[in-house]
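Visitor: What Swiss-Prot shows for this protein is this:
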- LYS175: active site, proton acceptor (ACT_SITE)
- HIS294: active site, proton acceptor (ACT_SITE)
- ASN123, THR173, LYS177, ARG295, HIS327, SER379: substrate binding site (BINDING)
- LYS201, ASP203, GLU204: Mg(2+) binding site (BINDING)
- PRO3: N-acetylproline (MOD_RES)
- LYS14: N6,N6,N6-trimethyllysine (MOD_RES)
- LYS201: N6-carboxylysine (MOD_RES)
- LYS334: site 'Transition state stabilizer' (SITE)
Amino acid sequence: MSPQTETKASVGFKAGVKEYKLTYYTPEYQTKDTDILAAFRVTPQPGVPPEEAGAAVAAESSTGTWTTVWTDGLTSLDRYKGRCYRIERVVGEKDQYIAYVAYPLDLFEEGSVTNMFTSIVGNVFGFKALRALRLEDLRIPPAYVKTFQGPPHGIQVERDKLNKYGRPLLGCTIKPKLGLSAKNYGRAVYECLRGGLDFTKDDENVNSQPFMRWRDRFLFCAEALYKAQAETGEIKGHYLNATAGTCEEMIKRAVFARELGVPIVMHDYLTGGFTANTSLAHYCRDNGLLLHIHRAMHAVIDRQKNHGIHFRVLAKALRMSGGDHIHSGTVVGKLEGERDITLGFVDLLRDDFVEQDRSRGIYFTQDWVSLPGVLPVASGGIHVWHMPALTEIFGDDSVLQFGGGTLGHPWGNPPGAVANRVALEACVKARNEGRDLAQEGNEIIREACKWSPELAAACEVWKEIVFNFAAVDVLDK
């Protein structure tokens, strides 16, 4: 019998139910560089102390169960258990607390976002002692980061592949998202790329439906982008959505895209799942394909302030699982996105090292070591009048994607693309000359309208379109 087993046997087994805080609330614990750290927003049921609630989260997301079990004596709980090491009250909220939990790295399989989430956000979110629970942030230690491939290529490699520098990239989601035939779909792709866009995009729910099978769409879109490349002298791309009902079918579609010689494919990473996404990211790295990621279903998970998973966590998970682009909100468009919060997770997507900054919702310092960055994609209800704000908010390393803001142009798709390209070039030029895009944005666009009738027409159509709704998910004040 080993000394470890002898020690545990000597303690003896006492059946029954213990309060979680007796084992899992350890305010004296000093976190290790190798721990995964989590910040949970906890809303306990009436009568449940915050220490017990925080300890319950640590227990149920690591080694604990509802009662003492004799097999606890066969392992080292002190080595493997999660620990709630700090609790702080949320200012301005009744009965809400931030519980900080540390997890030993040995609890997680290397290179598996799936396993990490199965532990940290598995059964614990249905725990009866909690009225609500939200995972606000994770600190991923470098030791765990290094077990992931991450994005297939990253920002610099993508720019080198496309030979495009010094400005944001421009995209367009083809509309209507459902119902077009493959040939008409390809026509819209060609017209937008020919007009000056860098990318066009399948919408998230375009897979392989009766009105347009995936193989037909891939063929017509490849023809469209090659024709646009020949006529413009610029490298073009279309995000061919490879998302499918099985991983095998998804990879088959990615293989066909590679055989066509296109530069980029797409995946819906939340509905498709992290295992499928990581598999596709590895295929894209090995075969020179860029990977665009759509976040369909994210608001089901992240929009409510007191329950779910914050998008900054989903963004970190995507960087680990793999993707070269991901939709990140616009701040100014039709979709949810508060400015400081959005800029916080945009930095977490792009930068190598991000300091803790609670003013932007960042609970932990994050060191990504050598993991490539991800381009944030601003998309959803944006048009030419938003271009100065988008350029100022997101900077050069971003993709600005106008669907209705291109295809809704009164003169057609090519002039819609021209209007967006002219507006972007005008904003970049003004910024490089030292002008303030936030203060002078409208004036910059009006000046550009004088030498671009396409832009002038777009400005007239969308001059009164705004989306003035308060964000649901805002920072604690």
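Glycine is no exception: its Cβ is also placed from the backbone N, Cα and C atoms.
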Visitor: Please compare the binding-site residues ASN123, THR173, SER379 by how many other CB atoms fall within 10 Å of each one's CB, and tell me which has the fewest.
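Guide: If we count Cβ atoms within 10 Å for the binding-site residues ASN123, THR173, SER379, the smallest count is at ASN123.
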Visitor: Around ARG295 (substrate binding site), which of the listed recorded positions (LYS175, LYS201, ASP203, GLU204) come within 10 Å, judging by Cα atoms?
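Guide: Matched recorded positions: GLU204, sequence order.
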Visitor: Just to confirm: which same-chain residues, 6+ apart in sequence, have a Cβ under 8 Å from the Cβ of LYS177 (substrate binding site)?
Guide: ASP203, GLU204, ASN205, VAL206
Visitor: Around GLU204 (Mg(2+) binding site), how many other C-beta atoms are within 10 angstroms of its C-beta?
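Guide: Other Cβ atoms within 10 Å of GLU204 (Mg(2+) binding site): 20.
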Visitor: How far is it from HIS327 (substrate binding site) to HIS294 (active site, proton acceptor), counting Cα to Cα, in Å?
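Guide: Taking the Cα atoms only, HIS327 (substrate binding site) lies 6 Å from HIS294 (active site, proton acceptor).
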Visitor: Expressed to the nearest Å, what is the distance separating ASN123 (substrate binding site) and LYS201 (Mg(2+) binding site) at their Cα atoms?
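Guide: A Cα-Cα distance of 36 Å.
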Visitor: I need the most crowded of these recorded positions: LYS175, HIS294, ARG295, HIS327. Count other C-beta atoms within 10 angstroms of each C-beta and give me the top one.
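Guide: Sorting the candidates by Cβ neighbours within 10 Å, the top entry is HIS294.
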Visitor: Given a 10 Å Cβ-Cβ cut-off, pick out the one of the binding-site residues LYS201, ASP203 that has the most other Cβ atoms nearby.
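Guide: When each Cβ's neighbours within 10 Å are tallied, LYS201 leads.
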Visitor: Roughly how many Å lie between the Cα atoms of SER379 (substrate binding site) and HIS294 (active site, proton acceptor), rounded to a whole value?
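Guide: So the Cα of HIS294 (active site, proton acceptor) lies 10 Å away from that of SER379 (substrate binding site).
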Visitor: For ASP203 (Mg(2+) binding site), which DSSP three-state class applies?
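Guide: DSSP assigns ASP203 (Mg(2+) binding site) to coil.
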Visitor: How big is the gap, in Å, between the Cα of HIS294 (active site, proton acceptor) and that of LYS201 (Mg(2+) binding site), rounded to a whole number?
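Guide: Cα to Cα, HIS294 (active site, proton acceptor) and LYS201 (Mg(2+) binding site) are separated by 10 Å.
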Visitor: Among ASN123, THR173, LYS177, ARG295, HIS327, SER379, the annotated substrate contacts, find the widest CA pair distance and round it to a whole Å.
Guide: 37
Visitor: To the nearest whole angstrom, what is the C-alpha distance linking THR173 (substrate binding site) and LYS201 (Mg(2+) binding site)?
Guide: 5
